[in-house]
Each structure stands twice: as structure tokens, then as C-alpha cells.
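Taken from TrEMBL, the feature domain 'Nucleoside transporter/FeoB GTPase Gate' applies to B:51-151. For B:12-30, B:50-71, B:83-103, B:123-148, B:160-180, the entry in TrEMBL reads transmembrane segment.
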């Protein structure tokens with residue numbers, strides 16, 4: 001299942017990126033190579049010798065929208081700079097300037113950051129005092145989306161590694177504590193305590209198995225919204241379950257159940273991130289979250305149980321071989 | 001009544017972590033465990049596990065990142081819109097429903113966007129926030145939890161997780177309608 005979803009994500013992103021690109025090329029969305037007429041005004045007189053001078057670029061909003069096929073309404077004027085280079089004049093819009101579409105997309109294409117400066121060749125036609133007529137030609141934009149997905153893939157690969165490495169500290173802390181709990185017999189007593197509730201969900205586990213204790217701790221951390229602590233506890237629980245797994249690489253029913261309990265996450269305290277976004281407003285949502293999370297938990301348990309009985313998944317159960 | 005439960009829970013939540021942090025070593029000490037030595041022994045595993053997770057997380061996240069960047073999400077929203085209308089789910093919450101199981105940071109950004117656009121009090125914002133709070137990033141959880149023990153064949157984990165997510169979307173919409181009207 002995951003194989004197909006994974007391949008599907010990749011293939012679909014290629015298909016969509018390509019179809020968007022082809023559509024943008026055929027509608028000539030960026031008017032590659034064409035010049036947009038604008039009015040440039042100088043705060044002081046135009047100085048032919050200055051390498052760099054501040055300018056205001058005035059756009060005729062209707063002409064702009066007629067020029068670009070799917071433009072958003074631009075502001076009538078944008079602050080920029082006129083730069084003299086060996087190849088002629090350029091107008092540069094600085095990194096802080098908010099630009100209309102499709103300029104914003106073009107800026108994303110040229111630069112690494114969405115706020116990078118964007119430059120256009122400027123052909124100055126008639127200069128009279130502080131005002132000049134000019135034609136702007138931007139660098140051509142080809143296959144923007146294709147470029148985007150490749151950049152995203154590299155970016156996310158990096159994010160993934162740093163996310164995983166970021167777990168090291170908390171993982172070490174929690175695993176260390178749990179080891180003390182194991183040696184001291186705390187996990188064992190916890191297991192005995194929660195067994196009546198958890199046993200029905202994990203029928204494959206032998207009686208008094210320590211996984212039940214770590215699962216209980218994992219769920220407890222989830223209930224109280226302690227995502228940071230819940231993950232290492234869940235990982236430890238997975239390890240305990242793996243010890244009972246005759247297969248190296250195939251998930252048991254118990255593992256899927258633990259996963260379902262975690263993705264549906266029983267929660268009484270909203271996650272920290274939500275508090276950060278919503279502020280005190282979260283207080284109102286505690287009950288709706290509790291209600292929804294109760295539904296998802298029931299659905300997760302039911303889903304895990306029923307799916308495990310479907311022929312396809314029942315056949316692949318690694319526990320089949322051992323018994 | 002509900003308010004009292006709520007305040008008890010929120011106060012308790014402050015104590016859970018300290019209780020584990022202090023309680024475990026203390027209990028060990030009483031039981032005669034060589035706490036420091038045992039702690040270090042257990043903590044050693046942290047690094048190995050984190051490294052073990054990397055390939056799984058890279059596989060999942062890069063595919064999801066490409067998918068998001070390609071604009072396929074918009075297409076999905078357009079196609080699924082009429083289907084979800086049947087369940088009485090407003091179109092505005094659809095991007096969240098699709099994003100939530102895929103990426104945690106992406107869906108958090110979506111909630112923030114919608115708060116900025118519609119304000120905290122809007123019913124649809126309450127719905128997406130409830131969705132955010134009531135389900136987890138399924139694919140991330142699968143990568144991390146199964147990655148840590150090298151499980152590659154996930155069997156029914158994905159469908160079970162996605163089923164719970166689907167129920168979460170519907171439940172969030174109705175829970176918010178029930179509690180806040182509209």
C-alpha cells in the first residue's frame with residue numbers, strides 16, 4: 001500500500017508539474033522575450049552617468065493585465081533602482097518590494113528566496129527631465145514547476161535528516177529514563193496495572209509483556225499533549241513490540257494498532273503548536289478537539305482490527321509462521 | 001462541570017513530564033538501581049535510533065514535498081470538492097483535510113493562514129484547528145515509528161491511519177457545528 005502511495009506521490013507531482021509548465025508555456029504566461037512599456041520617474045533629474053539611481057516605476061494597470069494573461073491587479077507604482085551595466089540599463093526591484101503576479105512567480109523562479117531582488121532589462125526611450133518612457137524585458141521563465149519540485153525534493157530530504165537528528169537529545173533522555181524504569185521494575189508494575197485495559201487491543205502480546213507499560217506511557221504523553229515526549233516513548237514501545245515479532249521487516253497487528261492509536265492520538269490538551277497559532281482562543285476548542293479525537297481513536301482502533309481480519313492483511317501477518 | 005474537568009486536566013498536564021523526569025530516577029534509587037550508569041546505558045540507543053529513522057523520513061518527506069510543490073494539491077481540492085459536499089463539509093476546510101496526514105508544518109501554516117484570513121472566531125477556522133488538534137501527521141508517524149525498528153512492510157497501517165484521519169475530518173466539522181452552532 002505504502003509502495004503505491006509513495007510512487008503515486010512522485011509520479012503525480014511530475015505529471016502535475018509538467019502539465020502546469022506546458023500550460024504556462026502555451027499561454028505565454030511570462031511573455032518571455034517581450035517588452036512591457038512602463039513610465040519611469042526619477043526623484044531628481046535623470047543622471048546619465050550615475051551607475052545606480054532610485055526610480056519609481058509607474059504601471060498602467062490595465063495595460064499590465066492585458067500584457068500578462070493571468071496577472072493580478074498591480075499597484076500603480078513600484079519603487080526600484082536603475083542600474084547601468086555593461087549590457088545596458090537594468091531596473092532592479094529590491095528584496096522588500098511586494099510584486100504582482102506573475103512577477104512574484106518569476107522572482108521565485110530566478111532566486112532561492114521568495115524575497116530575492118528581481119531585475120529586468122530596461123530600454124529607455126524618451127527621457128524628458130524627471131520622466132522617461134521605458135520597455136522592460138525580463139529573463140525568460142521556462143519549466144518553473146519542474147524546477148520547483150526538484151528544489152522541493154532536495155529541500156525536504158535535508159529537512160528529514162535534520163528532523164531525525166533533532167530527535168537524538170530527547171530520544172536519549174527518554175530512553176535513559178525508561179531504562180531506569182525497567183531496571184527498577186516500574187515498567188513491570190505499570191504493565192500489570194494497565195493490562196486489563198490494553199490487553200484486548202493487543203491480543204497477540206504475551207501476558208505481562210513490558211511493551212504494555214511503555215505503550216501506556218506513550219498514550220499518557222499523548223493525552224496530555226506532550227508530543228515531544230510521546231514520540232520517544234512510542235518508539236520504545238515499538239522496540240518492545242519488535243522483540244515479539246518473528247519477522248525483521250513486517251509489521252505485526254500489535255504494531256499497527258499502536259500506530260493507529262498514535263495517529264489518531266487521544267488528546268485532552270491541545271498541541272503546543274496550535275496554542276502558538278491560535279492563542280487563548282484554543283480554550284474554546286478543547287471540547288471540540290476532545291470530541292473529534294474520541295471519534296478518531298475509535299475509528300483508528302476499529303480500522304486496525306477490521307483491516308487485520310481482511311484476507312490480504314491476515315495472510316501477511318508475521319505471527320502466522322510462528323504458531 | 002466541564003470547566004472544572006478542563007482546568008484539572010490542564011493543571012495535571014504540567015505535572016506529567018516532571019513526574020516522569022523525577023519519578024523514574026527516584027523510584028530507581030529507592031529500588032537500588034545504579035541510576036546514572038543505567039541511564040547512560042539506555043540513552044546510548046538514542047543516536048542509533050535517530051540515524052535509523054533518517055532513510056524512512058527522507059523517503060516520505062521528499063515525496064510529499066515534491067507533491068506539494070507540484071500544485072497537485074489544488075487539483076485534488078478541485079476534484080474532491082463535490083464529494084465532500086455530500087457530507088456537509090465546507091470547501092474551505094478541504095486543503096486541511098488533505099494536508100493534515102501529509103505534513104505537520106504544512107498544515108500548521110495552513111491554520112495560521114486561515115486565522116489571518118478569516119479571524120479566530122470563524123466557524124471554518126475552528127473546524128480546521130480542531131482537525132489539526134485531533135489527528136496526527138500519519139505519514140510522519142509511520143516513518144518515525146516503523147523506521148525506528150526497521151519495519152518496511154507496513155501492512156494495514158496506512159489504510160487504518162488514513163481511515164482515522166477521514167473520520168477525524170468529518171468528526172471535526174460536526175463537533176464544531178454541534179458546539180458552536182451554524
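A Cβ is built for glycine as well, from the same backbone N, Cα and C atoms used for every other residue.
Curation plays no part in TrEMBL annotations; they are all automatic predictions.
If you count C-beta pairs under 8 angstroms between the transmembrane segment (B:160-180) and each of B:12-30, B:50-71, B:83-103, B:123-148, the highest count goes to B:123-148. Packing against the transmembrane segment (B:50-71) from elsewhere in the chain are residues 102-103, 106, 139-140, 142-144, 146-148, 150: each is 6 or more residues past its ends and has a CB under 8 Å from a CB in it. In the domain 'Nucleoside transporter/FeoB GTPase Gate' (B:51-151), helix, strand and coil residues by DSSP number 80 helix, 0 strand, 21 coil. The domain 'Nucleoside transporter/FeoB GTPase Gate' (B:51-151) scores a mean pLDDT of 89 in the predicted structure.
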